[in-house]
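Chemist: Handing you this structure, nothing more for now.
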Amino acid sequence: MPEGPLVRKFHHLVSPFVGQQVVKTGGSSKKLQPASLQCLWLQDTQVNGKKLFLRFDPDEEMGPPGSSPPPEPPQKEAQKEGAADPKQVGEPSGQKTPDGSSQSAELVPQGEDDSEYLERDAPAGDAGRWLRVSFGLFGSVWVNEFSRAKQANKRGDWRDPSPRLVLHCGGGGFLAFYNCQMSWSSSPVVTPTCDILSEKFHRGQALEALGQAQPVCYTLLDQRYFSGLGNIIKNEALYRAGIHPLSLGSVLSASRREVLVDHVVEFSTAWLQGKFQGRPQRTQVYQREQCPAGHQVMKEAFGPQDGLQRLTWWCPQCQPQLSEEPEQRQFS
């Protein structure tokens, strides 16, 4: 699943289409029925963590003043630099996907908190005007171009990826959404205090959450406190902070938790800026065999017993496990 920086890039790609009417639709989505969007007007787009929200209206009226918040500082600064490839963006340091973008091969949940949203074929009245887009493992947005196969799939076919949704707009351009789930909702779920890339990100709330008596690698992936944070950011922030992924938050000092939050924000912001400047975000431990110091990197799946196990990379020498911390086997 694309992490916060990449989804914000998707938001940037979609934004120029706001104010245009959808004149033609396409795509393979069966739950959404792409034809239900034809003749609607794209009036707004918002982003929160790993989710993208698009507002559609049946007429050309604009939304209420202030419905779309101004760009956040990291995004605004990055936009000034300009994007190297405005058509499509991918993940750093991963394997090649069927459409040629770079992604991790690990399993990830296909959408979070789906029960909060109603899936309908079309918006009804004032309700359901916001289309919520949750991207899958190889999720992407393309502008005025379709994704093409750059390698054969497992069956040996050179079949181009099929977009879930295609929106041709009155301005002459089109958007193609790949590997995503879409559902209608009455309003966007936007909580800036939890978004790691928002200027309103609540550090105090995040620090309090990190103090829980559970491995910090679990807490970092909790979107209630670190919206937009995924497995890449988790691994890189922990390595840069010198914290073992299974360290209990309750045994870490306040200063170490502060350092960890600093690295979460710094790495995420640098990744976002790199997206707009056409620079790949280099990782130091994620999917690496050695850390920058030349030590062997360990890899294992960690997660709650009743939750998803996520692949985790760490350096035992740079991120030592303290004696008062539990053994790894208790949490793997």
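A Cβ is built for glycine as well, from the same backbone N, Cα and C atoms used for every other residue.
According to Swiss-Prot, the protein carries these features:
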ACT_SITE  Pro2  active site, schiff-base intermediate with DNA
ACT_SITE  Glu3  active site, proton donor
MOD_RES   Lys50  N6-acetyllysine
ACT_SITE  Lys50  active site, proton donor
REGION    56-121  region 'Disordered'
MOD_RES   Ser68  phosphoserine
COMPBIAS  74-84  compositional bias 'Basic and acidic residues'
COMPBIAS  94-105  compositional bias 'Polar residues'
MOD_RES   Lys154  N6-acetyllysine
BINDING   Asn231  DNA binding site
ZN_FING   284-320  zinc finger
ACT_SITE  Arg310  active site, proton donor
Chemist: Pull the DSSP breakdown for the zinc finger (284-320) and write it out as helix, strand, coil residue counts.
Modeler: 0 helix, 12 strand, 25 coil
Chemist: Compile a sequence-ordered list of residues in the same chain as Lys154 (N6-acetyllysine), six or more apart from it, whose Cβ lies below 8 A from its Cβ; state 'none' when nothing qualifies.
Modeler: none
Chemist: Taking each of the recorded positions Lys50, Arg310 in turn and counting other Cβ atoms within 10 Å of its Cβ, which one has the fewest?
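Modeler: Per-residue Cβ counts within 10 Å for the recorded positions Lys50, Arg310 bottom out at Arg310.
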Chemist: In whole Å, how far is Pro2 (active site, schiff-base intermediate with DNA) from the residue listed as 'DNA binding site' when you measure between their Cα atoms?
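Modeler: Distance between the two Cα atoms comes out at 10 Å.
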Chemist: Could you measure between Pro2 (active site, schiff-base intermediate with DNA) and Lys50 (N6-acetyllysine) for me? Cα positions, answer in whole angstrom.
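Modeler: That comes out at 7 Å between the alpha carbons.
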Chemist: Return the single residue from the active-site residues list (Pro2, Glu3) that has the minimum number of other CB atoms within 10 Å.
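Modeler: Result for the active-site residues Pro2, Glu3: minimum number of other Cβ atoms within 10 Å at Glu3.
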Chemist: What mean pLDDT score does the zinc finger (284-320) have in the model?
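Modeler: Mean pLDDT for the zinc finger (284-320): 96.
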Chemist: In angstrom units, rounded to an integer, how far apart are the Cα atoms of Glu3 (active site, proton donor) and Arg310 (active site, proton donor)?
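Modeler: Just about 14 Å between their Cα atoms.
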Chemist: May I ask for the distance between Arg310 (active site, proton donor) and Lys50 (N6-acetyllysine), taken between their Cα atoms and rounded to an integer number of Å?
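Modeler: Between the Cα atoms of Arg310 (active site, proton donor) and Lys50 (N6-acetyllysine), the distance comes to 17 Å.
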Chemist: Where does Asn231 (DNA binding site) sit by DSSP, helix, strand or coil?
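Modeler: The residue in question, Asn231 (DNA binding site), is helix (DSSP, three-state).
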